[in-house]
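K.L.:
Okay, so TrEMBL annotates it like this:
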- 59, 63, 66: [4Fe-4S] cluster binding site (BINDING)
- 45-278: domain 'Radical SAM core' (DOMAIN)
Ligand code: V47
């Protein structure tokens, strides 16, 4: 065990050394990860006041893990009007939201301009709200739909008012797993390329990893190492977000689900491997708020935000449909012995709740 820890701290680390981290006792692993977290942020837990908007759930792709997109198991198709999206952003801003997080399905019917004009109109009507929008999977879809290059799509997004990109669509980079769970959508190389192009434009983004389905530990390590490498080049990622797979209403046949221990080990290992990504987010809709708070002792420093209305993970069984009341969130963070810190989307501290 000491050998593994010394090797990790020596930075002369190989793939198998990272994989062996999973063999460590949870508390020892947690202690190493917590030390890194403590040095960066002490007992602070970051959150923001945000609103998710999912303009349409009609999707040309069929990701087997997805319960949000309209298909046989979810026959309720919808397309929101641009006016409705603007109204939600306006109302949320009035109620204190600092960020709208806009993610859609890949809907060819509505056209390229629908996606871009949602951003443009929100920026026009609510100029001070931060717009975090469009996963790399959507950028890839929009590029195919419009015959524009990734560069052109990203420039259109910036021109319309996107401030940062969310981390969705990464799933698991390993090509053999990707083929089984989300064949046809953006491939791993292009996911990373799109984020690189975004970072080159001076913009920030996040990176997710969907785990707890048919992948194994080695696939998770590989995923993290590919992100670490890009971060060394661009330094454009703000946060890494391990998303725990939710099992209901989708087409993935998974027999065994993750234990809390495996989830916490994965969080701790991500904090150790991705020391060059500033934040590790324990996204409460997939962790539950309770485990997201425990994860703060294992390397995470963020729990995302109030969200107001969550649609993607709740469609797959997460208990997160209505978001989270801010008072409750602050109370829970304090009760867990941490200091809640309201942040903006780029992690500037707005208010410390001592
Ligand atoms: O990429 C889909 C995931 C993601 C399921 O950047 C599922 O701050 C669990 O990207 N179980 C979209 N997860 C959400 C996303 C995100 C969320 C929170 C914060 C940020 C950020 C980004 O949702 C998809 C996919 O991996 N997802 N289905 C499911 N059954």
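The backbone N, Cα and C atoms fix where each Cβ goes, glycine too.
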K.L.:
If you check the binding-site residues 59, 63, 66 one by one, which have a CB less than 6 Å away from any atom of ligand 1?
P.N.:
66
K.L.:
If you average pLDDT over the domain 'Radical SAM core' (45-278), what do you get?
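P.N.:
Taking every residue in the domain 'Radical SAM core' (45-278) and averaging pLDDT yields 96.
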K.L.:
Give the number of CB atoms, excluding that of residue 66 ([4Fe-4S] cluster binding site) itself, located within 10 Å of its CB.
P.N.:
26
K.L.:
Out of these binding-site residues, 59, 63, which one has the fewest other C-beta atoms within 10 Å of its own C-beta?
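P.N.:
Per-residue Cβ counts within 10 Å for the binding-site residues 59, 63 bottom out at 59.
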K.L.:
Report the residues of the chain - excluding 59, 63, 66 - with C-beta within 8 Å of the mean position of the site's C-beta atoms, for the recorded [4Fe-4S] cluster site, in sequence order.
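P.N.:
Near the [4Fe-4S] cluster site, the remaining chain residues are 61, 62, 65, 68, 69, 71, 105, 182, 185.
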